[in-house]
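Student: This is the structure I have questions about; it appears just below.
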Amino acid sequence: MVSLDLVKSLYAKFIDWDEEMYDHDTNTPSHAANTAISEDLGQVEYILTDKTGTLTENRMIFRRCCISGIFYGNESGDALKVDVELLNAVAKNVPDVLRFLTIMTICNTVTPIRSNSGAILYKAQSQDEDALVNAAARLHMVLISKNGNTLEVNFNGLVIQYEILDILEFTSDRKRMSVVVRDCQTEKILLLSKGADEVIFPCAYSGQQIRTFVDAVEQYAQLGLRTLCLGWRELKDDEYEEWSHMFKEASTALFDREWKLAEVCQRLEHDLEILGVTAIEDRLQDGVPETIETLRKAGINFWMLTGDKQNTAIQIALLCNFISSEPKGQLLFINGKTEDEVVRSLERVLLTMRITSSEPKDLAFVVDGWALEVILKQYREAFTELAILSRTAICCRVTPSQKAQLVELLKSCDYRTLAIGDGGNDVRMIQQADIGVGISGREGLQAARAADYSIGKFRFLKRLILVHGRYSYNRTAFLSQYSFYKSLVICFIQILFSLFSGVSGSSLFNSVSLMAYNVFYTSIPVLTSVLDKDLTEKTVMQHPQILFYCQAGRLLNPSTFAGWFGRSLYHALVVFFISVHAYAGEKCEMEELSMVALSGCIWLQAFVVTLEMNSFTILQHLAIWGNFVAFYVINCIVSTIPSAGMYTIMFRLGKQPSYWITMVLIVAVGMGPVLAIKYFRYTYRSSAINILQQAERSRGIIFSMGTLESQLKSVEKDVASLSITQPKNRNPVYEPLLSDSPTATRRSIGSSTFDFFQPAQSRLSTSYSRNCKNN
Amino acid sequence: MIITSFALVGLVFVPIGLASLSASEQVVEIVDRYDIDCIPEQFQNERLAYIQNSETNKTCTRNLIVPRKMNSPVYVYYQLDNFYQNHRRYVKSRSDKQLRSKAYEQVTDNCKPEDKANGLAIVPCGLIAWSLFNDTYKFSLDSKVLEVNKKNIAWKSDQDHKFGSDVYPKNFQSGALIGGAKLNASIPLSEQEDLIVWMRTAALPTFRKLYGKIEVDLELNDKITVVIQNNYNTYGFGGKKKLVLSTTTWIGGKNDFLGVAYLTVGGMCLFLAICFVLLYVFKPRTLGDPSYLSWNRNAAGHPS
């Protein structure tokens, strides 16, 4: 099994060396930290992916905003570049707009750094804050410096100074941050807050109309933008003094400091005046939709685990083919305010899943962190069933430990899981999964370090699984079975010989030949199977469904193993009985017969390996036939040593025509049936792999690539989903759920389905119908 | 491609098979089993006692008729059946060092139980040498003696490198149990060709070993008289002894196996090729049609 280890480390090297998985943007090659699990990549059934930084670039760009009810950037999709209105508003010093910009500039933990050339660079821990500060700077509100507690902002040439009094830090529980500053000109104390909509809106002072902001958030989320709400309030001196005292106490508390701080912060963050909503775009990485589509075709189920908002997550999921839009796909929501509601919605979803699992529909369930916690605690079994039924899931607002729990849940159902992520919050999930893939992205290398594989971009995952994983699996399957086979051949020959030697246990082969056979003659040719490609990479990419052969373990299971076992028995019989009969009577000298049988095995092995290889490079020919020649050279050399047992044997045999005739006979009898069966299967019982191989070989003669592709596409149009993992008992009559009806009908049906499952989410249906239109 | 290669293999194998078979047919072979017939009537019920008794007359006369002209050299073999020269204990019971050089005379570690006699090392030691075949044959044709050349019956390489010219038999067959032939203590081992032939152990329980060569042609219907000294005890383990006279061709001695096997394999290949052609004609199949792919088939609405 040394050769297996060697080969596995080669697979890992192939990943490291892969030019096509080299990220030119950041100059990082892909890297396989774990060399032992390359073939598991080919058997992945579930991929659990993080969203931010994994599917998206994690490069935030400020796109739109809504300030006191006025939408900016809606037309162009970019609030900064073209929207004259916003620039005008800034120029006219509209107070709300200015305050909005001030919050964007100040309410953060960004540090400005003045470079030698005078330009100001910002160092931010959060990509969102970085985006906001940069956007404000382009709207002439420039954060110049931050020295201790004083902070300078340049607005249209006017330098404004602020004194930072307190920072109410962001935590994932609070989902907001605030700063308390003193405006050095007016001496007023201001509380500036920004945070997620669901935590900021409740803090609005009573009487403020937040309707437009809620709509704005909704609208932005549907576009897949990340939203932040900004709010402010003026503090009275005595109110601040009082609070500041409590805050200091809380921040020096020894126990439960975090909880106490949150408590204190909450006391201040109320009666805010909501100023507006910012929308930041986190662009999808290149090739993400294609990658996900291809991998889903390959029968891999995707789960998205994100800390983000539900709507944003759904939008991103739609954008990257994660889920299909209506009518092909359908989203089922599991949520609720109380545990009872959660359970009821879980049961409802499960019921729907059971009913529709026989239909070619793309179902996905959506669950949020809170509901998940309830479910994982108490209703694990029902959720497990749901996980098995559903091909897709979106889990939003989940914590790192919940991510890991979900991985564990899938693993407990005997699925092979792959977790992919980029940030520190994905590390637990990556470590928990069978295969962890880290994206060496902008959130540092934490995930990449913890992972088995690190890649530069999400789209490399396609190649990692379909090309590297699949080839590794195929090669390992062949290699391990071949190793058994070749050893068994010798074993069986020895057993047969022992029947002819009074079951005394004498060996037909001398020990040196036996060792050389195992570690040399039969190992070197088969090592080149690491270069073997049953299908070209291009074909695999075009027909990702072929991965099913790996997932289902079609190439390495008891029946294929039995095949190899049978073949070894047959070949042992062939070699032994032909040698014994051809070298009977006056020729049955021990050393000669032993060499005849050994050479018979070597001849057979050369042809077996050649037959099992699908593609040939010079190296493979060199290894197979070079090894063959080496066998004779080595034995001839040994035959010249007088003290060796087989002195002169090889020369003696080489001079006999009957030796060569015997060898050819062994090969013909040994390989004939194998070849005939293989040919028959290849031609008349072709597996999908065979068909694609045939297509590859005949391509250019019969099928051109174009027709092949179009044929496939036309077929795929009719299919809603792949029936690989879905139960086969489909309705005999295929009824399209929705015919090509006008959008209006679609909308009504779409919303009605959603109303049924989730009244509160009916708004979403509009987004779906829009998506339908796009399609 | 496959069909043509099957056809080609068939077409190549049949002629080779015919050639091998005809070569094997050209070999003239006389096989005479004598182990039972060479025991006098009165001893048939106690063969073992007869063969172990050194007093009994072991001479035996056999007549052989030459069925076809035998060109010289005619090889004389003795064939033993059911004799396990490949048994693990037997195979190992020898000392190659001792055989090669006088210096290693005392190296008899592997030779037990035939390593020492009367406290002195046996040369050559071990079970193989101890059980050396000791029947002898004297041939005569029309009461004229047929010379059997017993020179150069062993492998030259064995004589030169494996059996020393300075190693003389010592203490051989001097123990309580006498296995087989005795050796002339004045002839070095490298010249003891019968021993050298015997020491090349056979891999199968049925084997032939070269006894000598008759270097005159034997004509059709020649009546050869063989006087056998029936000394070797195969009665203890139910072994058979046969005397074999045989000519050779390029393929060796008489062995129809290769010829028959080649004809069979060639025939099978041709048969398979024809089958595949017929299959191809009657059940043509487009190769590489993507509509055969299982996922496309399901998609088209045909339940698989």
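Using N, Cα and C of the backbone, Cβ positions are placed for all residues, glycine too.
Copied straight from TrEMBL:
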type     : residues                                                                                                                                : note
BINDING  : A:Asp50, A:Thr52, A:Asp422, A:Asp426                                                                                                    : Mg(2+) binding site
ACT_SITE : A:Asp50                                                                                                                                 : active site, 4-aspartylphosphate intermediate
BINDING  : A:Asp50, A:Lys51, A:Thr52, A:Glu129, A:Phe170, A:Lys194, A:Arg226, A:Thr306, A:Gly307, A:Asp308, A:Arg397, A:Lys403, A:Asn425, A:Asp426 : ATP binding site
DOMAIN   : A:448-685                                                                                                                               : domain 'P-type ATPase C-terminal'
TRANSMEM : A:564-584                                                                                                                               : transmembrane segment
TRANSMEM : A:596-616                                                                                                                               : transmembrane segment
TRANSMEM : A:622-647                                                                                                                               : transmembrane segment
TRANSMEM : A:659-680                                                                                                                               : transmembrane segment
Student: Using the structure shown, find which entry in A:Thr52, A:Asn425 (the binding-site residues) has the sparsest Cβ neighbourhood within 10 Å.
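Tutor: Each of the binding-site residues A:Thr52, A:Asn425 was scored; lowest Cβ tally within 10 Å is A:Asn425.
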Student: For A:Phe170 (ATP binding site), list the number of other Cβ atoms lying within 10 Å of its Cβ atom.
Tutor: 18
Student: Which of the three DSSP states, helix, strand or coil, fits A:Arg397 (ATP binding site)?
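Tutor: Going by the DSSP assignment, A:Arg397 (ATP binding site) belongs to neither helix nor strand, so it counts as coil.
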Student: Taking only the Cα atoms, work out how far A:Asp422 (Mg(2+) binding site) lies from A:Gly307 (ATP binding site), in Å, as a whole number.
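Tutor: Counting only the Cα atoms, the answer is 13 Å.
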Student: CB neighbours of A:Asp426 (Mg(2+) binding site) within 10 A?
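Tutor: The answer is 33 other Cβ atoms.
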Student: Of all the binding-site residues given, A:Asp50, A:Asp422, which has the fewest Cβ neighbours within 10 Å once its own Cβ is left out?
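Tutor: Counting other Cβ atoms within 10 Å of each of the binding-site residues A:Asp50, A:Asp422 gives the minimum at A:Asp50.
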Student: Any residues 6+ beyond the ends of the transmembrane segment (A:622-647) with a Cβ under 8 Å from its own?
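Tutor: Those are 510, 516, 520-521, 524-525, 527-528, 591, 594-595, 599, 602-603, 606, 609-610, 654, in sequence order.
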Student: Identify, in sequence order, the residues in the chain of A:Arg397 (ATP binding site) that are 6 or more apart from it along the sequence and have a CB within less than 8 Å of its CB; answer 'none' if there are none.
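Tutor: Within the chain, A:Arg397 (ATP binding site) has Cβ neighbours under 8 Å at A:Thr306, A:Gly307, A:Asp308, A:Lys309, A:Gln310, A:Asp368, A:Gly369, A:Trp370.
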Student: How many Å lie between the Cα of A:Phe170 (ATP binding site) and the Cα of A:Asp426 (Mg(2+) binding site)?
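Tutor: A:Asp426 (Mg(2+) binding site) has its Cα 19 Å from the Cα of A:Phe170 (ATP binding site).
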Student: When you measure from the Cβ of A:Arg226 (ATP binding site), which residues in the chain that are at least 6 apart have a Cβ under 8 Å away?
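Tutor: Set apart from A:Arg226 (ATP binding site) by at least 6 residues yet with Cβ under 8 Å, we have A:Met60, A:Asp128, A:Ala279, A:Ile280, A:Glu281, A:Asp282, A:Asp308, A:Lys309, A:Thr312.
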Student: Across the domain 'P-type ATPase C-terminal' (A:448-685), what is the average pLDDT of the model, as a whole number?
Tutor: 92
Student: Can you check what DSSP calls A:Asn425 (ATP binding site), collapsed to helix, strand or coil?
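Tutor: The three-state answer is helix.
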Student: Rounded to a whole angstrom, what is the C-alpha distance between A:Asn425 (ATP binding site) and A:Asp50 (Mg(2+) binding site)?
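Tutor: Checking the Cα atoms of A:Asn425 (ATP binding site) and A:Asp50 (Mg(2+) binding site) gives a distance of 9 Å.
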